[in-house]
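This report refers to the structure that appears directly beneath it.
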């Protein structure tokens with residue numbers, strides 16, 4: 001849901017005013033300013049009023065509120081216009097630009113910084129290191145350019161004294177990958193002169209007040225700005241600017257951007273050079289011009305890394321080539337002073353351009369191939385000096401105001417004129433709205449052969465002494481009948497103009513009186529070639545690279561350089577062409593008062609700005625016009641999924657009919673008009689509603705496509721799996737058949753073999769037949785055993801069964817189980833004749849007494865009692881009883897235990913051959929121990945007999 005402001009804050013969009021008049025407009029603007037609502041809309045144009053105080057509306061929380069939202073979903077804000085430009089660039093793959101305009105002190109520079117901050121915050125969600133590096137460079141570049149290009153004026157503490165247009169390049173994902181900065185007309189005259197209450201560029205004061213003592217000592221600079229003529233006026237001006245903190249911030253920013261320590265040191269040396277140049281004093285000794293303070297020349301030579309005598313010669317002499325002869329012409333003290341000032345201005349301008357170029361080298365897009373990486377889109381941000389009317393307006397103010405005329409012309413063409421012309425061209429009913437077209441003023445300045453720039457260039461090219469008064473006379477002759485130009489000669493009764501000095505131009509922003517003093521010199525922008533050669537021959541490579549034209553010899557002829565006016569005019573024409581090919585978004589800045597008060601709203605001051613910015617005409621055009629227009633094919637391409645009549649393709653007679661049917665189906669037919677080639681949507685809310693419907697349908701389409709694709713992928717996977725299964729099954733059958741055939745081949749004649757196939761090696765089975773192989777081997781082993789057993793006698797069969805049973809019971813308990821010999825069972829009967837006869841008599845008596853049927857086992861053993869005492873004993877086991885006998889007393893029975901009372905027996909493993917027999921309630925009542933056959937035997941018999949024969 002859109003967030004609407006309370007009515008107490010006035011109308012957030014001037015288009016919604018009940019009555020479009022200047023009074024209503026100003027009342028709403030004042031109300032919003034007093035309620036701390038500094039941003040308002042005129043359609044898609046943001047009107048910004050400078051609050052002259054810090055406001056907590058630019059933090060991370062605010063950024064998240066505007067990220068990805070449509071323009072009218074949140075209260076007016078710079079972030080909304082920045083997000084709109086970003087979305088247009090990302091959605092439609094279209095280059096966009098944000099044009100920030102307004103007079104000096106209206107808040108243009110701050111607005112551009114907040115826009116950059118927002119774009120940096122919403123991009124690169126994946127935190128790619130290279131993108132973060134580029135974002136950091138772009139943000140840090142503002143800090144550096146402000147230090148060297150901004151200054152305190154009577155209207156603004158941080159006034160841009162140059163024009164800046166920055167292109168930010170984005171990849172196909174919408175992440176910044178680089179940029180490029182264009183700078184326009186640095187006000188270099190501020191280096192040597194400032195009006196009362198103003199300062200030179202920030203960089204000078206940051207160096208003097210913020211640099212460490214060690215650096216200042218190296219540069220021969222004092223901490224007092226009033227010690228230097230060029231910045232003395234600014235040094236006496238009170239300011240809230242913290243130059244010390246700014247010096248550190250700029251130094252850190254330069255390091256982050258990539259300036260080397262040597263380059264940074266050279267920058268400081270150039271600033272110090274300019275300060276020392278301003279303190280140079282020239283005097284005359286007769287006809288000879290001298291430098292009065294020669295110690296300054298020594299410092300200059302050190303800072304410029306050149307010889308002291310070369311500096312002196314360049315300051316006092318000018319090398320002139322006359323045919324084959326080369327002579328040194330000495331300057332007068334006035335010419336020497338002019339050359340000094342020209343050198344100071346030129347050095348600073350070259351330094352500033354070098355800094356901009358150095359930043360561009362770092363942030364430019366590298367190794368980008370559109371065929372590989374996709375189209376490279378751009379958002380441009382224009383922060384350029386505002387319209388200026390000073391007490392003394394010179395060449396710089398003339399160029400600045402011309403620039404604002406060009407930008408106003410662009411605004412008129414794109415927002416007012418082209419819009420009305422497009423309605424007429426498309427056949428949309430339209431009531432024409434009058435507006436002031438400033439094309440006439442632009443032509444007054446830049447027209448070929450007739451414009452002020454043309455007259456100025458012509459005056460500069462004339463041979464001989466040409467003065468500023470002669471230039472003014474030429475203007476009066478050529479422009480005397482122009483409605484927007486006048487001078488004292490043309491209007492003798494106007495005492496606000498001085499004879500032979502002033503002329504007035506009626507700009508769109510108001511009348512401005514210009515003084516022609518200095519126009520000729522500033523337009524020629526003359527710098528003696530001697531200074532260029534001096535700086536080119538410096539041993540400092542950074543300084544040398546700034547003056548490539550210094551390598552030309554004295555006698556080499558070069559083309560006449562373009563004048564400052566022509567260069568500036570060409571750059572403005574190029575800028576306007578660049579902006580015209582992009583989709584523009586506007587921020588119109590208004591200055592509420594001249595005293596920088598956060599509470600004062602000067603109605604007439606603001607009214608004048610509203611008038612010359614054409615904001616009221618903009619409201620009228622926006623109210624009468626349409627917020628959005630698109631060609632029918634493009635509209636269908638984006639929104640056709642909303643309607644069943646247009647998705648996926650329509651069968652109506654034309655795209656126009658299809659668009660009409662689509663809008664009728666959505667209930668928006670009353671908010672649209674249909675031109676010859678385009679559909680016009682009146683309110684942005686209709687577009688937002690269409691976008692919401694589109695997002696909903698795109699999600700459903702994506703889900704449907706995902707379903708279809710996943711089904712297709714699943715069927716493809718199933719077919720592959722099925723084919724693989726068929727192949728695996730066929731392969732398994734092949735392996736099984738091959739294995740069975742191989743087994744059959746190897747064991748085919750097994751019956752005729754001596755060992756019945758025991759020597760035959762089994763083939764390796766496939767994994768699937770490993771259990772089958774085990775079963776097959778068991779079958780074979782049983783068959784092989786059967787072939788052996790069937791040849792045995794019944795007595796041998798009994799022996800074999802007993803041995804098999806013992807093997808199963810004692811497997812793992814005995815190393816030797818005597819399987820290789822015959823088992824006797826009644827071993828005492830096989831003993832020596834004396835003992836055997838005694839045992840036979842005793843066994844016969846026991847048979848008569850206990851009526852047993854069969855003797856199971858008998859043997860001599862060693863008994864261990866509970867006291868671990870060992871004695872010789874004999875064990876006699878029948879089918880009814882277990883007898884313990886004393887072999888030393890003719891095998892007299894010592895104890896008789898019925899077999900049904902023997903509950904268990906334990907056999908010790910491996911070599912100890914210990915047997916324990918258990919009876920109820922008595923543990924280990926019969927303990928028999930006898931040694932293994934390899935260590936000790938009792939009466940020649942191994943101890944495992946009993947368990948084998950009896951068990």
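Backbone N, Cα and C define each Cβ position, glycine as well.
Database features (TrEMBL):
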BINDING   102, 103, 104, 105, 106, 107, 108, 109  ATP binding site
DOMAIN    9-695  domain 'Myosin motor'
DOMAIN    812-951  domain 'TH1'
REGION    572-594  region 'Actin-binding'
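TrEMBL feature annotations superimposed on the structure.
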| residue | record | Cβ within 10 Å |
| --- | --- | --- |
| 102 | ATP binding site | 23 |
| 103 | ATP binding site | 25 |
| 104 | ATP binding site | 22 |
| 105 | ATP binding site | 24 |
| 106 | ATP binding site | 26 |
| 107 | ATP binding site | 25 |
| 108 | ATP binding site | 27 |
| 109 | ATP binding site | 25 |
Other residues, Cβ within 8 Å of 102, 103, 104, 105, 106, 107, 108, 109 Cβ centroid (ATP site): 50, 156, 159, 386, 589, 591
Helix-strand-coil residue split for the region 'Actin-binding' (572-594), DSSP-based: 9 helix, 8 strand, 6 coil
